[in-house]
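Contents: one structure, followed by commentary.
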Amino acid sequence: MNEIFKTLQIIAKKISEEVKYADFGYTNHQNSTGDTQLKLDVKSDSIIEAEFRKISSVKSLVSEEKEDELVLNENAKFIIAYDPLDGSSLVDVNFAVGSIFGIYENEIKAENLKAAAYIIYGPRLEMVFTDGNAPKFYRLQKDGNFAFINELKLENKGKLNATGATQKNWSQTHRNFIRSLFDEGYRLRYSGAMVADLHQILMKKGGIFSYPATSDHPNGKLRVSFEVLPFAFIYEKAGGATSDGKSQSLFSIKISKIHQTTPCFFGSKYEIERLHEIYG
C-alpha cells in the first residue's frame with residue numbers, strides 16, 4: 001500500500017502540470033457513459049496508467065475513461081478504480097478539479113475497498129488518503145514533497161449544502177429535503193466538481209453533498225466504483241455518514257457492473273439523519 005501511496009503523489013504532480021497548461025479541446029471519442037472526452041481527460045488517464053504499470057502489486061485498472069478493466073498483473077492483489085480528472089469541463093474557467101481513487105483487494109466489491117484517495121488541483125496541490133483509519137490530509141510544499149498537515153474529522157452537524165443535478169428533474173421529496181436545509185440556515189456551496197465540493201465540506205468540518213435520483217437519471221449519475229465508494233470510505237472514516245437515499249450506508253450497494261451508477265449523499269451524521277427523516 002505504501003508503494004501505491006507514493007505513486008499517487010507522483011501522479012498528482014504530473015497531472016497538476018498538465019492541468020496548468022492543457023489543451024482544453026475535445027477528442028472525437030466518448031467514454032463508457034456517453035460523455036465526450038476532453039484531451040485532458042485522456043492525458044490524465046494515460047499518466048495514471050503509466051505510473052501504475054510500474055507497480056507489481058497492482059492487478060488491474062478500472063477507469064471512467066476505459067470501457068473495460070485493464071489487467072496488468074493477473075496474480076497481483078490490488079485493483080485501482082479511478083476517475084482521472086473529475087470536473088475536467090471546469091478547467092477552462094479555472095475552477096478546482098480533482099482525481100479520485102479506490103483501491104480494492106482482488107475484486108471490486110464494496111466490502112473489498114481497502115483504501116481511498118483524492119487529489120485536488122486548485123491554488124494549492126493537496127491530497128487526502130485513508131487506508132481505513134482517519135483520513136490524512138497532505139499538501140505539496142516548496143521543496144516538491146507532500147507534507148502531512150492533519151487528520152480530518154467531521155463534526156456532527158455542518159452548515160454547507162452542495163446539491164447537484166438539474167432542479168427541474170428533482171423529486172418532490174428531494175425538493176423538500178433541500179428546502180428544509182435552507183430553512184435551517186444552510187449555505188449553498190456547489191461548483192459542479194465533486195472533488196472540490198466534497199473537499200470543502202471536509203475542510204469546513206461538516207455539511208452535505210447530494211446527487212439524487214432524478215427523472216432523467218433514476219439510478220443517479222455518479223459512478224459507484226471510482227467516485228461514490230472512495231468518497232464514502234473517506235467520509236465514514238472521518239466520522240460522517242453516507243446513503244443512497246434509502247440505505248444506512250453506501251457500502252450496502254452490490255456492484256454488478258464497472259460503470260454502475262447510484263444516487264448518493266455524503267455528510268455529517270446530522271444531515272444524513274435528516275435525509276432519512278424526509279426520504280422515509
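Counting begins at 1 with the first residue displayed.
Placement of Cβ uses the backbone N, Cα and C atoms for every residue, glycine included.
Note on LEU85 (Mg(2+) 1 binding site): other Cβ atoms within 10 Å of its Cβ, all shown chains, come to 31. DSSP gives LEU85 (Mg(2+) 1 binding site) a strand state. Taken from Swiss-Prot, the feature Mg(2+) 1 binding site applies to GLU64, ASP83, LEU85, supported by sequence analysis.
Per Swiss-Prot, Mg(2+) 2 binding site is recorded for ASP83, ASP86, GLU227, and the stated evidence type is sequence analysis. A helical conformation is recorded for GLU227 (Mg(2+) 2 binding site) in the three-state DSSP classification.
On its own chain, LYS221 (substrate binding site) has GLY164, ALA165, TYR211, THR214, THR261 as residues at least 6 apart in sequence with a Cβ closer than 8 Å to its own Cβ. Residues or ranges marked as substrate binding site in Swiss-Prot (evidence: sequence analysis): ASP86, GLY87, SER88, SER89, TYR190, LYS221.
Listed in chain order, the extra residues whose Cβ falls within 8 Å of the Cβ center of the Mg(2+) 2 site residues ASP83, ASP86, GLU227 are GLU64, TYR82, GLY98, SER99, ILE100, MET194, VAL195, LEU222, ARG223, PHE226. Summary: among the binding-site residues (SER88, SER89), the fewest other C-beta atoms within 10 A of the C-beta are counted at SER89. Reported as a whole number, the C-alpha separation between ASP83 (Mg(2+) 1 binding site) and GLU227 (Mg(2+) 2 binding site) equals 7 Å.
Each residue contributes its Cα atom, and for LEU85 (Mg(2+) 1 binding site) and GLU227 (Mg(2+) 2 binding site) these two points are 11 Å apart.
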